[in-house]
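What TrEMBL says about this one:
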type	residues	note
ACT_SITE	E438	active site, proton donor/acceptor
DISULFID	C88-C112	disulfide bond
DOMAIN	4-126	domain 'FZ'
DOMAIN	152-468	domain 'Peptidase M14'
REGION	564-600	region 'Disordered'
Amino acid sequence: AHPASPATCVDLQLSSCADAAYTQTAFPNLLEQRSREAVESSPEYILLSVLHHLLEGQCNPDLRLLGCAVLAPRCEGSRVRRPCRHVCEGLREACQPAFDAIDMAWPYFLDCAHYFAREEEGCYDPLEKLRGDLEAEEALPSGLPPTFIRFAHHSYAQMVRVLKRTATRCAQVAKTYSIGRSFDGKDLLVIEFSGRPGQHELMEPEVKLIGNIHGNEVVGREMLIYLAQYLCSEYLLGNPRIQRLINTTRIHLLPSMNPDGYEVAAAEGAGYNGWTSGRQNAQNLDLNRNFPDLTSEYYRLASIRGTRTDHIPIPEHYWWGKVAPETKAIMKWMRTAPFVLSASLHGGDLVVSYPFDFSKHPLEMKMFSPTPDEKMFKLLARAYADVHPMMMDRSEGRCGGNFLKQGSIINGADWYSFTGGMSDFNYLHSNCFEITVELGCVKFPPEEALYGLWLSNKESLLSFVEMVHRGIKGVVMDKFGKPVKNARILVRGIRHDVTTAPDGDYWRLLPPGSHIVIAQAPGYSKVMKRVTIPLRMRKAGRVDFILQPLGAGHKKLSRELQRTAPASRDPLGGAGLRDQPPQLDLEPLGARRQPSAGGSKPWWWSYFTSLSPHRPRWLLKY
C-alpha cells in the first residue's frame with residue numbers, strides 16, 4: 001500500500017494510544033483490522049498494553065507509540081500516513097535485547113520493512129511528541145527556561161506550586177498526590193515519578209524519600225524540591241541514566257512531612273533559628289518519636305526460637321496515646337504501595353545512620369544494635385555517604401568529623417538510642433528498608449548555601465535510589481500462573497522475611513554472595529532456590545517461584561501450624577522440601593527467566609492464552 005492512501009478519518013479512541021501525537025485514525029488499519037473493537041480484542045493490542053510490564057519499563061513509551069502507529073495509523077485530510085522506517089529500525093536495534101531477555105520474538109507488526117515507509121514517501125515520526133515536549137513548555141513567570149531551578153528556600157505555597165508545575169511539565173512520567181493533612185490542615189504533598197504515574201507496575205520497585213520530618217531541619221525539604229525538578233528536566237532532555245531510573249522505578253518524594261513546624265522555623269528565618277524551634281508539629285509532638293515502638297517487641301520475639309520477627313503488628317495500646325495526623329498519614333501511605341527502600345532526610349550533623357535506632361538494652365544510651373540485615377543496611381548507607389564529597393572529606397575538624405573512622409555511617413543506636421522512630425517502624429512493620437541521612441550541621445542554612453548543598457547531595461540521592469535494584473525480585477504464583485499474594489520470601493541465615501505484594505511480586509534487597517531463598521505460603525509446599533548475586537550486579541536478579549498446592553492432609557496441618565507458631569526459622573526438611581529437591585538457580589547477570597510449569601513455553605505465554613482466543617504464536621521464538 002502507498003504511504004498515503006485515501007481513507008475516512010475518525011477519532012482515535014484506543015486507551016493505550018491516547019498519548020499519540022495525533023487525534024485521528026482510520027479503519028481498516030495497516031493490519032486490516034476493520035473496527036476499534038477488532039483492534040481492542042487483538043493480541044497485538046493486548047501486547048502493546050502490557051509491553052511495559054514485560055520489558056520492565058525498557059523502551060517505554062517509545063515501543064507502544066510505534067505499535068500504535070500501525071494499529072491506529074495517523075489520518076490527516078482523508079489520507080493515512082505511515083510511520084518512518086528509520087524510527088522503527090533505531091528502536092529495533094535498541095530494544096531487541098529486551099525481547100531476547102524474556103525469550104520473546106520481535107512482534108511481526110513492528111516489521112520495519114513491511115508496515116513502515118521511507119522519508120521520501122512522506123512518512124512521519126511517531127515519537128516526535130516525546131522530543132517536542134520541551135518546546136511547548138509554558139515560560140516561567142520571569143521568562144527563564146523551564147529547566148531552571150531556583151536554589152532558594154520555598155514557602156509552603158511556593159513548594160506546592162513548583163511540585164505541581166513540575167508534574168504538569170512531565171505529565172507522562174509524574175504526578176502529585178496528597179497522603180493526608182497536617183494538624184493545621186496543610187496537604188502532605190508527594191510528587192511521584194514512574195513510567196505509569198499513579199499505579200504500581202508488576203515488579204517495579206517503589207522508593208520513597210521524606211524530608212522535613214523535623215520542621216526546622218529544612219535542607220532535606222529543599223533537596224527534594226530540587227530533585228523533582230532535576231528528574232523532570234533530565235528525563236525530557238533524554239538523559240539515559242534518569243530515563244532508565246524513571247522507567248524502571250517508582251519514586252515518591254515527600255519534601256515536607258511537617259509543614260506546620262516549618263512555618264514556625266521559617267518565621268524566625270535562616271541563621272536566627274533556634275536549635276529546636278519548629279522541630280515539632282503543631283501539637284508539639286516530635287514526629288520521629290511518634291511511631292509505634294515495635295523494636296522492644298522485636299527484641300522480645302527474637303529471644304524466642306522459631307517466632308517471626310518481621311511484619312510486627314501495631315500494638316493496641318499505641319492508639320491510646322497521642323498519634324499525630326502526619327504520623328498516621330505515613331502509616332496509611334505505607335499500606336498503599338509496596339515500598340522497598342526509603343530515606344528520611346534530617347539536619348544537625350553529617351552522617352548516615354541505619355536501624356536499629358533503639359538500643360537492644362533499654363538502659364544503654366549508646367549500644368551497637370544491628371538488624372538481621374546489618375550487611376545490607378551498611379551497603380545502603382555507604383551508597384549515600386561514599387559519593388558525598390563532604391562526608392568523604394578527611395578533615396576531623398569538619399562538621400561530622402567524629403564519624404570519619406566509620407566512613408560517615410553509623411548504626412543508629414550506636415550513636416544515640418531513642419524509641420518511636422520512623423526507620424525502625426518501616427523495617428519491622430513492612431518490607432521497607434529505611435535509612436536516616438543527616439545532611440549537615442546547620443539545620444536552617446542561609447539561602448546562598450543551598451546550591452552547594454545540592455551539588456553535594458545530588459549524586460548521593462541518585463545512587464541511593466538506584467540501590468533499590470540490588471538483590472533479587474520476582475513473582476510468586478501457583479501452578480495456574482495466578483499470583484500468590486502475601487507469600488513469604490525467606491533467606492536462610494537472615495531472620496527477616498519479606499512478603500509478596502497483591503500481584504504476587506516481591507523484592508528482596510540482598511548483599512552480593514550466595515543465598516538460599518525459600519518461598520512459602522499457607523496451603524502450598526515450599527520452594528527453595530540457591531541464588532548467587534555477583535559483586536558488581538546493578539540490576540535485581542529475576543527469581544520467580546511456582547508453588548504447588550499441598551495435599552488435603554497437609555493443608556489442614558499447615559492451617560494448624562499457622563495458628564500456633566508462625567515459624568520464621570526454616571528447619572530443613574519441612575513440608576514440601578522432601579517432595580521437591582532444592583532447585584539450583586544461579587542467576588546470571590540481568591537474568592529474567594521465569595520457570596514455566598510445563599517447561600516448554602516461556603512464562604508470559606499463559607497470560608496471552610488466557611486473555612485472547614487468538615494465540616499469538618508469532619511471539620514464540622521456536
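Just so you know, glycine gets a Cβ as well, placed from its N, Cα and C.
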Could you tell me how many residues in the domain 'FZ' (4-126) are helical, how many are strand and how many are coil under DSSP? 57 helix, 18 strand, 48 coil
Rounded to a whole number, how many Å is the Cα of C112 (disulfide bond) away from the Cα of E438 (active site, proton donor/acceptor)? 53
As a test of the contact definition, list every same-chain residue at least 6 positions from C88 (disulfide bond) whose Cβ is closer than 8 Å to its Cβ. L66, L110, C112, F116
If you count, for each of the recorded positions C112, E438, the other Cβ atoms lying within 10 Å of its Cβ, which residue has the minimum? C112
Over the domain 'FZ' (4-126), what is the model's mean pLDDT? 88
